[in-house]
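> Reproduced below are the annotations present in TrEMBL:
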- MET40, GLY189: substrate binding site (BINDING)
- LYS116, THR162: ATP binding site (BINDING)
Amino acid sequence: MYELINKVKEINPLVLHYTNEVTINDCANVTLALGASPLMSYSDEEVQEIVSVANSIVINIGTMNSSRLNLFVEAGKTANKFNKPVILDPVGVFATKTRSDFTNKLLNEIKFDVVKGNISEIKFIGGLDVRGKGVDSFDDNEDNSEVVKRVANKLGSIIVATGKVDYISDGESVIKIKNGTVKLKSITGTGCMTGSLIGSYLGAYDTLVNSKEEITISKLEAVAMGVLTMGVSGELADINNIAIGSFKEKLMNNVYEMNVDKLKEYARFE
């Protein structure tokens, strides 16, 4: 599945973001670093046209703004109409009733290919007890394989639950990724950037599927590649326990320099 990173660079998929103002620049840059092309929009007027030319769409509710609900719904429905992969990042869905209602509206109106969040966000969406504060998750050491399978089956989406171990499931299989570092929680935006990486890989994967080119990986593995790229990049950035500002710079450089050989050498998953 590692070869998909080369396809991202070759295809240069257009990843349309409806994301939050806090991390929008980081999301654009990490998309570029991987080899995809970012497009950011908050425009109602261009939805039909812009979604039709995108290879994937990322919807992120991090900077809560209820006035954008109709825009996000229209973008998601348009993506469904054009059979474009759509990723939802329900940031802080458990923090307020407004965020919860906003997310439920999106889930009811749009068929999402992927729903990505920290483990607390995923548990909340699945109707389970959560431990978190604001948009942050209080992770634990329990195995969450059954949780992600349950939520994946409930939503009909691939579920990505990030934490000390990252879980990816389509409701049947579960991939557990053990790369990463605690520093990824110490800078804002790494979760949002992971959504951008997933969008980049899914955009390339979807292009390959539509071109009828023979592919040897599954959609689940394509999603896992986004999580794996962030985990390995973060882990390598923290080898020398550098300060947080330098860590962020190194993280972005590592995404840019990521390749098949590095993934083969450092990836740890089951």
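We number each residue from 1, going along the chain as drawn.
Each Cβ is built from the backbone N, Cα and C atoms, and glycine gets one as well.
Note that TrEMBL annotation is computational and uncurated.
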> Near the Cβ of THR162 (ATP binding site), how many other Cβ atoms are there if near means within 10 Å?
26
> Determine the most Cβ-crowded residue among the binding-site residues MET40, LYS116, GLY189, using a 10 Å radius around each Cβ and all protein chains in the structure.
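Sorting the candidates by Cβ neighbours within 10 Å, the top entry is LYS116.
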> According to DSSP, collapsed to three classes, what secondary structure does LYS116 (ATP binding site) have?
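SS state of LYS116 (ATP binding site) = strand.
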